[in-house]
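Worksheet: one structure, shown below.
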Amino acid sequence: MVGAENMTASFSNNRCHDTIDEFRNQVYSTMYSMISVVGFFGNSFVLYVLIKTYHEKSAFQVYMINLAIADLLCVCTLPLRVVYYVHKGKWFFGDFLCRLTTYALYVNLYCSIFFMTAMSFFRCVAIVFPVQNINLVTQKKARFVCVGIWIFVILTSSPFLLSKSYQDEKNNTKCFEPPQDKQTKKYVLVLHYVSLIFGFIIPFVTIIVCYTMIILTLLKNTMKKNLPSRRKAIGMIIVVTAAFLVSFMPYHIQRAIHLHFLHSETRSCDSVLRMQKSVVITLSLAASNCCFDPLLYFFSGGNFRRRLSTFRKHSLSSMTYIPKKKASLPEKGEEMCKE
């Protein structure tokens, strides 16, 4: 949420002289650096492979491409956060980029949740109701769903654009800091409950229901021959659920506890410091979903592994035959036949 990185700081200055500034700066700069590198190269590679094998059209490919784009848009702003925390909370990039960097993190967070939920729902439909709803799981419908998710998240996340930069008492420009006035704090609390219900609880329940139905359906078909497909589906369920629990659940639970903690009358210095550290850890975990998503692509029922194999063969083939310019036309024709 707005200023989640340092939310407790302004509430503890009058009572607690200790701070977690050093801990915060070290953890955020380290975690965001790692997420930037791993997330950028992982999602760039996945996106490149998916685009290169776009002739293998499927609804799940559409969701995976959009998920990779959301991750890349986020990781491109994380280096700005790294610079901010390396310089001990000094912002050098202007008010617009301050707002945009905050906004990008939460757009990615909730786009990832909704794309994963949509993938889970349509996979459930494909496995549990393969005949009755065969026209529901199509690439065209997947595009409409993705456009709807982007529009919904972009609009509903717009309040995060209100998180502007400002000058502190030492004339340093600050960003990602907590709201100061009571009215804004109440607004943040309302925003939290809306995002908690619609951005986490409903999607999480949907995923659990879908995966329960998938598992029950697969268990009923244990005597059938498609054992490899069943193993791939269960593997995907485990990875998606684990990523959801590790990245999103700790952040939303901690945020709920944190906001109520801020409104309590009695807060010891130790409890304030512990709460501040929990903010740092859970927000870092939430941002790390950019690194987990490439694993989701890999475990999406073997589809991505097949694409990767196809991509590798095409790449090796092109490298082998590039010098033979006279043979380029028949080779291209052969590839078209294979596709």
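Heads up, the Cβ atoms here are built off N, Cα and C, so glycines get one too.
Counting every protein chain shown, the Cβ of Cys175 (disulfide bond) has 26 other Cβ atoms within 10 Å. According to Swiss-Prot, the feature disulfide bond maps to Cys98-Cys175.
According to Swiss-Prot, the feature N-linked glycosylation site maps to Asn6 (among others), an assignment based on sequence analysis.
Summarising the annotation, Swiss-Prot assigns N-linked glycosylation site to Asn171 (among others) and lists sequence analysis as the type of evidence. In the three-state DSSP reading, Asn171 (N-linked glycosylation site) counts as coil.
Look at Swiss-Prot and you will find 1-30 (among others) tagged as topological domain 'Extracellular', backed by sequence analysis.
Mean predicted confidence for the topological domain 'Cytoplasmic' (52-59): the pLDDT average there is 74. Under the heading topological domain 'Cytoplasmic', Swiss-Prot lists 52-59 (among others), citing sequence analysis as support.
Residues or ranges marked as topological domain 'Extracellular' in Swiss-Prot: 81-108 (among others).
Residues annotated as topological domain 'Cytoplasmic' in Swiss-Prot, with sequence analysis given as evidence: 130-143 (among others).
Here Swiss-Prot flags 165-195 (among others) as topological domain 'Extracellular'.
Sequence annotations record features per position, and here Swiss-Prot assigns topological domain 'Cytoplasmic' to 217-232 (among others).
Marked as topological domain 'Extracellular' by Swiss-Prot on the basis of sequence analysis: 254-278 (among others).
Summarising the annotation, Swiss-Prot assigns topological domain 'Cytoplasmic' to 300-339 (among others) and lists sequence analysis as the type of evidence.
For 31-51 (among others), the entry in Swiss-Prot reads transmembrane segment.
Summarising the annotation, Swiss-Prot assigns transmembrane segment to 60-80 (among others) and lists sequence analysis as the type of evidence.
Look at Swiss-Prot and you will find 109-129 (among others) tagged as transmembrane segment.
Under the heading transmembrane segment, Swiss-Prot lists 144-164 (among others), citing sequence analysis as support.
The transmembrane segment annotation in Swiss-Prot covers 196-216 (among others).
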Run through the topological domain 'Extracellular' (254-278) and tell me, per DSSP, how many residues are helix, strand and coil.
19 helix, 0 strand, 6 coil
Would you confirm whether the transmembrane segment (233-253) and the transmembrane segment (109-129) meet the contact rule of 3 or more C-beta pairs below 8 angstroms, pairs 6 or more apart in sequence?
yes
So for Asn171 (N-linked glycosylation site), how many other CB atoms are inside 10 Å of its CB?
6
Annotated stretches the transmembrane segment (144-164) and the transmembrane segment (60-80) touching (3 or more Cβ pairs under 8 Å):
yes
Can you tell me which parts of the same chain pack against the topological domain 'Extracellular' (81-108), counting only residues 6+ beyond its ends and a CB-CB cutoff under 8 A?
1-2, 6, 21, 24-25, 28-29, 32-33, 36, 70-71, 73-74, 153-154, 157-158, 160-165, 172-176, 287, 289-290
